[in-house]
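Everything below concerns the one structure shown next.
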Amino acid sequence: MALFVSYNPTLCITYNYSQEYLFSKHLFYVEPPQTAFATDIKPISYPAKCDLKQLHSVSRHGSRYPDEIEITAFESLEKTFANVSVAKEWYKNPFPMSKKLQLVKRGEIEPYFDGLQCRKRYAKFWDGVKYDPEVIKFQSTQTSRHGASLMAFSEGLFNGKGPLDTCKSQPIYYSTPPLLQDAEHYMFFACRRWNETVFNNNTLRDEQVYAYGNKTLVTIAKRLSDTHHISPPLDPHQVPYILINCQFWLAAFNRTDAWCSLLSPKELLLSRYYWDLRYYYQFLYGHPLNTRLGCRYLTQLVNEVEGYLNGNSSMIADIRNVLGFTLSILFATMGVFKNEYPLTANLTFEQIQNLKYTGHRLIYFSSTLYYEIYTCSDDRVLIRVVFNSEPFVVPGCESEYCEWSKFKEIFGGKIGCDFEKMCAYP
């Protein structure tokens with residue numbers, strides 16, 4: 001894992017990071033290539049006397065172009081660094097607004113490999129299964145990147161199993177609920193109370209972010225301005241977007257020698273923590289509404305499993321593509337991936353280093369969450385939850401294979417929720 005510091009009297013201090021080093025530090029939403037594009041996937045083993053009968057998949061879209069806010073910030077950085085010698089080869093923003101939020105080339109390939117990996121990981125389950133829209137259901141959030149990611153996943157899943165042309169592609173049907181009515185995938189913006197009290201008017205988030213900016217970002221901005229003779233000085237608000245720019249140059253161009261090179265290893269982590277802190281209060285445990293907001297998805301999960309168990313449904317697979325924030329809300333609703341202490345502006349650097357669960361450490365582009373449903377010869381029904389190939393124990397369950405009745409009991413207060421009543425505002 002290479003890291004070099006280079007010095008030139010004219011160009012000043014820059015940092016030369018390898019991709020391997022940056023991936024190892026979990027700084028970005030971009031998944032390390034050794035897992036994103038792995039093909040040596042071993043089939044799972046089943047619990048004794050049990051068979052996998054139903055599979056529910058919730059995946060994040062593949063790597064994308066920046067959004068409108070990010071591109072605007074990059075255009076501002078372009079103006080700030082226009083006369084900075086160290087940036088003369090790469091200060092110009094290469095991301096046009098016309099491409100905002102579309103998949104980059106890497107992001108078109110990642111979901112395809114997710115589909116391939118799903119086929120291999122659940123080889124016994126998929127053996128002999130032919131596509132039928134009543135048996136295998138596909139759904140996505142209503143955006144181009146989610147629809148394209150879902151199609152790529154299906155291509156990997158049914159690779160060579162369909163009727164079309166020499167590649168034997170399989171056409172599929174998928175549904176996309178209207179965004180602001182989509183309480184299962186886009187539950188935050190479909191919830192007026194969340195919009196008015198979490199996304200907007202979130203005093204605690206704003207206080208924490210403001211305090212962190214004064215404590216940390218101001219210092220980094222001053223160091224960069226002094227080191228690289230930036231005039232007028234770098235605005236502290238621009239510092240987190242240097243990290244984001246670094247991420248997108250890596251995702252789109254496989255380059256770490258541009259914006260990444262400005263920040264020291266410590267500054268990279270501190271810049272990332274700005275986003276972790278912000279999203280903690282917006283999509284995770286920093287606001288109590290987030291711990292209930294995924295109830296509509298859990299409700300339909302239980303209904304679809306019960307429908308299959310009761311013989312009222314032939315569906316064996318429910319495959320969805322969503323936002324990374326959707327996964328954050330589902331984790332908060334299930335009470336999983338919770339750190340030992342809350343994220344605040346006054347955490348020490350050591351505490352920030354020791355955080356086990358943050359969005360950047362967990363929810364890569366193209367991350368996948370699976371709910372596996374097993375029926376057993378002794379009449380037990382089990383559920384196992386797996387995220388990015390790693391099973392985890394749902395709080396309240398005795399093991400990773402949880403009794404279905406216990407799972408329903410744990411989330412009994414959220415299953416069957418009145419989403420409209422919960423989200424009514426004022």
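Numbering starts at 1 and runs along the chain as it is shown here.
Each Cβ is built from the backbone N, Cα and C atoms, and glycine gets one as well.
Keep in mind that this is a model prediction, so the values were computed, not measured.
Of all Cβ atoms in the protein chains displayed, 16 besides its own lie within 10 Å of the Cβ of Cys50 (disulfide bond). The disulfide bond annotation in TrEMBL covers Cys50-Cys376 (among others).
Residues or ranges marked as disulfide bond by TrEMBL: Cys246-Cys260 (among others). The Cβ of Cys246 (disulfide bond) lies under 8 Å from the Cβ of Leu22, Leu27, Phe28, Thr256, Ala258, Trp259, Cys260, Leu263, Leu268, each on the same chain and at least six residues away in sequence.
Long-range Cβ proximity for Cys397 (disulfide bond), meaning a same-chain Cβ under 8 A and a gap of 6 or more residues, is found for Glu403, Lys406, Phe407, Ile410. Annotation comment: TrEMBL describes Cys397-Cys402 (among others) as disulfide bond.
Sorting the disulfide-bonded residues Cys260, Cys376, Cys402 by the number of other Cβ atoms within 10 Å puts Cys260 first. On a Cα basis, Cys402 (disulfide bond) lies 13 Å away from Cys50 (disulfide bond).
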